[in-house]
Amino acid sequence: MPLYKSQSIKIYNSLSGEKEIFSPINEGNIGMYVCGPTVYSNVHLGNVRTFMSFDVIYRYFLHLGYKVRYIRNITDVGHIVDDVDHGEDKIAKKAKLEQLEPMEIVQRYTVDFHNVLKAYNLLPPSIEPTATGHIIEQIEIVKTIINKGIGYESNGSVYFDVVKFNESNHYGKLSGRNIEDMLANTRDTDGQSDKRNHQDFALWKKAEPEHIMRWPSPWSDGFPGWHLECTAMSTKYLGSHFDIHGGGMDLKFPHHECEIAQGEACTGQEPVNYWMHANMLTLNGKKMSKSTGNNILPSEIYSGGSPFLTKAFSASVARFFMLQAHYRSNLDFTNDAILAAEKGFYRLMEAIGSLKNTAQFTTSNTTSIDIKAWKQNCYDAMNDDFNTPILIAHLFEGVRFVNVLKENKETITTEDLLDFLTTMNAFVFDVLGLEDEKLATNNNDKLDGVVEMLIQMRKQARDNKDFAMSDQIRDQLLALGIQLKDSKEGTTFSI
């Protein structure tokens, strides 16, 4: 029997403002969509925290035995500077500044995004679709919304009529806004805008002559509005009604509000059952900002190349630090805080290392520690809206168990010892996604040794003029992602 049948999860639903018992549309299966990055610059540490939060949620669902289709998109067109309808596409602007093609910018920062998430041990999603790969689907949604009488064309652009939509729906329900208040608090453009109402948002934008990224449509050569892509990709891969939609708190309005409106306009029903939002990461009590210099790149954590840090920290320590706060809570990053987290992380890893060496524990016919209650406490923490700080507190109770068992102050049966070890491993490594650095270092050392041995074999083959064998070793290593570089000084490799 899968674990999920014995556990009841409560999720804080941003739409209702309450914790609700999670009940997937199809038993045993979960459809989850998370808004991914706009790839025009390096992701910052706050982005990593958001994606890490949903990584843990994804991991926990998998641990419980759910079959999860996890979609996380890449925004590579349509995201206008300052998140408005008029202006320059963020990627196109970056391309002009660096005198590159837009897709060169997309490729560069998509690779950076993947490298960062890999370093922080995030699992890849089931599908990672791009906005540019779904232009046809977006055009079809625009047609549907126009046919429903809620979208309108104006000078080659198409807009969503929020006033018309609000006649039979509630635009603003996710963010707690009222359409009348929004309209009253916006300036009259005196006919200067293509929109009927200032709050109307773009479904399709006509491209200016100098705009690089453009596609043909029934209305104009142009590009889709930012909000449209997520509706198109989520419905394509998860259907018009799915379980969970997540993202950063900053996306609640207007992005997610507009997604709800688009979905309801197309189908007449709520597109998503549970809306989830992860909170911000600040630096020394202030918002992270590149323009003010109050910013740390994810790579600066483990390189130590930041003026805000006194030393380098492993990505796993940074992950542990961020999971010590609940995903809906604001978290302030400071040097002192991550130093304290590092100490806790090593205590936890040391305890698990001891626990794996079961020979040092004397087992008994009885267990004086309530392992079953402790185990359920771990599940209860995650079942309560994925409360990682409470889970970590229970894991440190497990650290205490390890210490008293080593000192023979408590007793444990062989069966309970195995259950204890299995549970600690499951929550620390599988659910929280932490990595044992000593094990990783040992594995890296072994890999280095194997590659160096193959380099020497290749050198010997070349000395013997067996160039076919030399090339075979080089090509097979390259197929595994290991590139050899020959120079006068010898051969080195990179991964």
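Just so it is clear, glycine is given a Cβ too, placed from its N, Cα and C backbone atoms.
Binding of Zn(2+) is attributed by Swiss-Prot to C35, H255, E259, and within the candidate set C230, C378 the record adds C230 to that site.
Among the ranges 82-86, 287-291, 332-336, 412-416, the one that Swiss-Prot lists as motif ''KMSKS' region' is 287-291. Take the mean position of the Cβ atoms of C35, C230, H255, E259, the recorded Zn(2+) site; other residues of that chain with a Cβ within 8 Å of it are H227, E229, T231, H245, G247, L251, H256, C258. Under DSSP, C35 (Zn(2+) binding site) is assigned to coil, being neither helix nor strand in the three-state scheme. When the binding-site residues C35, C230 are compared by the number of other C-beta atoms lying within 10 angstroms of their own C-beta, C35 comes out lowest.
Highest Cβ count within 10 Å among the binding-site residues H255, K290: H255.
Over all protein chains present, the Cβ of E259 (Zn(2+) binding site) has 25 other Cβ atoms lying within 10 Å.
Taking only the Cα positions, the spacing between K290 (ATP binding site) and C35 (Zn(2+) binding site) is 22 angstrom. Each residue of the motif ''KMSKS' region' (287-291) gets a DSSP state, and the totals for helix, strand and coil are 0 helix, 2 strand, 3 coil.
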